[in-house]
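Following: one structure in structure tokens, then a few remarks.
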Amino acid sequence: MLTLLTAMYLVVRSASTQAEPIRVVVTGAAGQIAYSLLYSIAKGDVFGKDQPIILVLLDIPPMLPVLDGVVMELQDCALPLLREVIPTDEVEVGFKDIDAAILVGSMPRKEGMERKDLLKANVAIFKTQGAALDKYAKKTVKQLSSNLQRIFREEKSKSFWYKGHHVSRQVLVVGNPANTNCLIASKSAPSIPKENFSCLTRLDHNRASSQVAIRCGVSSDKVKNVIIWGNHSSTQYPDVHHAKVDLHGAEMGVYEAVKDEAWLRGDFISTVQLRGAAVIKSRKLSSAMSAAKAICDHMRDIWFGTKEGEFISMGVYAAGNSYGVPEDLIYSFPVQIKNKTWKIVDGLPINDFSRAKMDATAAELVEERDTALDFLSQ
């Protein structure tokens, strides 16, 4: 009898502590980035090996037959964490009660298209998606409580904490121009704190780390604290003045390890800035596998935090920054994340070379923002 009661207790205890599924929407879900991304999310590489997932796949109506094929493949993977897959072309379905949104889809730049036309098309897309997030996403913003039971319950739900508020909606914008699209989505979702919105510059960050690692003859995990400042564009500034390399067991600055200032201030920067174009030239398609990996890295760090003493690059709202960046922008900064709260790493010394690069990419973002806000107001 005692053994039976013990077994029953363990079953009940297991059931009561099992995480509830989180609902994750991916837009542009029939595209090549999503095709490389969805498997990693569904198998637990992003939100945890014990976190069940409901995947919502949102795309435009002509892509629904493709989504049906993606759904079949996900089902055929027989992934134990994947509880449900929902394909849709309706934003009210796509964003209903979501815990996390990964906005991959956007209007790509076509041959002969002016940048202002690209911005106009994407303002319409991200205004609609921001408004849908505002209307349909979960409305569970709660004050912190010292009540232990509530803390346990809310921590178990894997939601996002920011500045004393318990917030269950996290939005990552990937579709380009990512920084400005992110800003428009945020402005179109006034009930969601701006701190919940970020854009992807982790791909640029990973590219920079990899270039340094290759140059030094080490694996990429031996390089830390590179920074991408500014826009996810050719004006971005990959900065290694504060980065470190573990070279044969000794940690040192990148400039000391590489011993080639001309390369670090020249070809290194341009290689990272233009890497996306180089991939397109070779593949005849844009980066997909590396973009998907960067999305996973970004979201996993938000969920589980950055390593002690390390920071990563994210496009975040610039309010209150200490680097003189205009405040009403989504700008890539070095950030640290702990307990699902990100903060900009303050106080890093900035030399004249870096200052000029940071200001140039900020100027481009200001111009983009002003053009986009004109369209938003129309």
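Note: Cβ is positioned from N, Cα and C throughout, glycine not excepted.
Where the annotation comes from TrEMBL, it is an automatic prediction and has not been curated.
Annotation comment: TrEMBL describes 1-19 as signal peptide.
Residues or ranges marked as domain 'Lactate/malate dehydrogenase N-terminal' by TrEMBL: 23-147.
According to TrEMBL, the NAD(+) binding site annotation covers ASP59, ASN122, VAL174, GLY175, ASN176.
Marked as substrate binding site by TrEMBL: ARG109, ARG115, ASN176, ARG207.
Residues or ranges marked as domain 'Lactate/malate dehydrogenase C-terminal' in TrEMBL: 201-375.
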Looking only at C-alpha atoms, tell me how far VAL174 (NAD(+) binding site) is from ARG207 (substrate binding site), rounded to the nearest Å.
16
For the binding-site residues ARG109, ARG115, ASN122, the one whose C-beta sees the most other C-beta atoms within 10 angstroms:
ASN122
Between ARG109 (substrate binding site) and ASN176 (NAD(+) binding site): CA-CA distance (Å):
9
I need the CA-to-CA distance for ARG115 (substrate binding site) versus ASN122 (NAD(+) binding site), whole Å please.
11
For VAL174 (NAD(+) binding site), what is the tally of other C-beta atoms lying within 10 angstroms of its C-beta?
28
